[in-house]
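For reference, the structure is listed below as structure tokens.
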Amino acid sequence: MSKSKCSVGLMSSVVAPAKEPNAVGPKEVELILVKEQNGVQLTSSTLTNPRQSPVEAQDRETWGKKIDFLLSVIGFAVDLANVWRFPYLCYKNGGGAFLVPYLLFMVIAGMPLFYMELALGQFNREGAAGVWKICPILKGVGFTVILISLYVGFFYNVIIAWALHYLFSSFTTELPWIHCNNSWNSPNCSDAHPGDSSGDSSGLNDTFGTTPAAEYFERGVLHLHQSHGIDDLGPPRWQLTACLVLVIVLLYFSLWKGVKTSGKVVWITATMPYVVLTALLLRGVTLPGAIDGIRAYLSVDFYRLCEASVWIDAATQVCFSLGVGFGVLIAFSSYNKFTNNCYRDAIVTTSINSLTSFSSGFVVFSFLGYMAQKHSVPIGDVAKDGPGLIFIIYPEAIATLPLSSAWAVVFFIMLLTLGIDSAMGGMESVITGLIDEFQLLHRHRELFTLFIVLATFLLSLFCVTNGGIYVFTLLDHFAAGTSILFGVLIEAIGVAWFYGVGQFSDDIQQMTGQRPSLYWRLCWKLVSPCFLLFVVVVSIVTFRPPHYGAYIFPDWANALGWVIATSSMAMVPIYAAYKFCSLPGSFREKLAYAIAPEKDRELVDRGEVRQFTLRHWLKV
């Protein structure tokens, strides 16, 4: 913000507002004192009132209560992957030893990136695209994360529909996945648990038969046996379609009025999982074999830390478990009050996220230990990753308990609430990001929200066909893998290097009254970008084509997957080229306008571009 100039008259002092007279909100005032001594006018000036963010003048909706924001962030970050993936990775990678790289990466990269996104959204008061007025040429990364969130919505809502289907099926005296005497069961169905199943198998293709729970999921719910592959999808299943419709209706009426409605919904969806997890833990630890399961979960093998795969798994889990890079944290924090303490919010929410992930392992492995003892197999034979854990192994364990139907209802209500608030966050990222960018959409938020949820519903129909699990697997593998890591990397570089850690720290001090310490500035400037670059490179080097059980995807499906992945990443260079070409002036002038914040426009006009100085790039 530049100081306004005023002519000096013969009066002893002149007060000149630094903003237009009609500007709303706190103003920066330049007080110019003029004295006359021996016929010479002497002037001195001071600034009253600190600089305020220009966005504070905007009439923007805010959260009804601070707790609404915290519950929304926690509800989004704590999702289904925290329940099934973290405990499995911990068991797979040396038990308690896995916590060493996980906590290390959480402290040096996860928390700083989380804090950065909260501060970025809160200061600029806009969605994932609008915040890039701090560096216009990188605005494409905002559209990248918006597109990724949209892609994720195409298949994530299907998981919630599965949970809803299971919930309805649980309101019976006898759960439908207990026996092999149902219409969907095959001759291979066996009540005995297959002890030699492969690590990636869901249970359907085992040599000696499959469990009733596995057949219920793949034959009773998905009807996968009626499809030969991704090129043989078949029609949408009406039961799953009906469940998907209910999910879309829930999402729409949770989002249509903005954070005023979604902030109330999360009081249920974000707290219910903790109530259910506590109940399941109390029940799980009383089961025979539960202690063996928990012991396997916590067993420490520090020699595993010598393996690169353990560190890679920890790094990727940190990136995905916190939810950075989806634009959700930016969108949520943009509705905060300008002076909100986003630093404290970042510490609290990331800590709760990590503790929830760790605690859920006790719930999961108490039941896995019970299942392993019941079927006399090693825990490794029942410990699975992915949907198979929560839709096959866990329902099978619950079916053997007294009052199994009641426990099943409780469990799938938990899955439903875990999924709903995470899906709400993804949709809010898309909606806020676009309505802040296009004022026409802002004036018709309700209609635009309806359009977005209907679009996700129509494309989700491919995932509820007979072969829908193949579409689901393809989207899950490509939509938010390397592309989301790439988006976060560009975001971190844009904030820390182009905009500058110094300026970003000034913004935070302006909001909270406290400047980030050297630790956070070093993480933003050096550690986090290097960490993200490492994870991106590793994700590319270790890439493996997707598969579902024994099914291998054809080449055209893998090519389609890469089109999906690159379409979001391409937003960065495409928008950068568009922005650069649309700016006037010479090459140097174009570059100056492209990388300098919009609020520094007057400085650019005068040729004072701090991004062209070595001091800017070296400053921490």
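Using N, Cα and C of the backbone, Cβ positions are placed for all residues, glycine too.
With respect to the membrane, Swiss-Prot annotates PRO395 and THR512 as residing on opposing sides. Here Swiss-Prot has ALA77, ASP79, ASN82, ASN353 binding Na(+) 2, and the candidate from SER321, SER333, SER376 in that same listed site is SER321. For the dopamine site, Swiss-Prot records ASP79, SER149, GLY153, SER422, ALA423, and the single candidate of PHE320, PHE531, PHE534 listed with them is PHE320. Binding of chloride is attributed by Swiss-Prot to GLN317, SER321, and the same site annotation extends, among SER357, SER359, SER360, to SER357.
Looking at the candidates CYS135, CYS189, Swiss-Prot gives CYS189 as the cysteine bonded to CYS180 by a disulfide. If you average pLDDT over the topological domain 'Cytoplasmic' (1-56) in this model, you get 42. Counting Cβ pairs under 8 Å that are 6 or more residues apart, the transmembrane segment (237-256) and the transmembrane segment (401-442) reach 3 or more and are in contact.
Sequence-remote contacts of a segment are chain residues at least 6 beyond its ends whose Cβ falls under 8 Å from one of its Cβ atoms, and for the topological domain 'Extracellular' (288-306) they are 87, 90-91, 93-98, 100-101, 361-362, 364-374, 379.
For ASN188 (N-linked glycosylation site), other Cβ atoms within 10 Å of its Cβ number 15. Between the alpha carbons (Cα) of CYS189 (disulfide bond) and ASN181 (N-linked glycosylation site) lies a span of roughly 9 Å.
Its own atom aside, the Cβ of ASP421 (Na(+) 1 binding site) has 27 Cβ atoms within 10 angstroms in the protein chains shown. In summary, the transmembrane segment (128-171) lies against the transmembrane segment (443-466): three or more C-beta pairs, each 6 or more positions apart in sequence, are under 8 Å.
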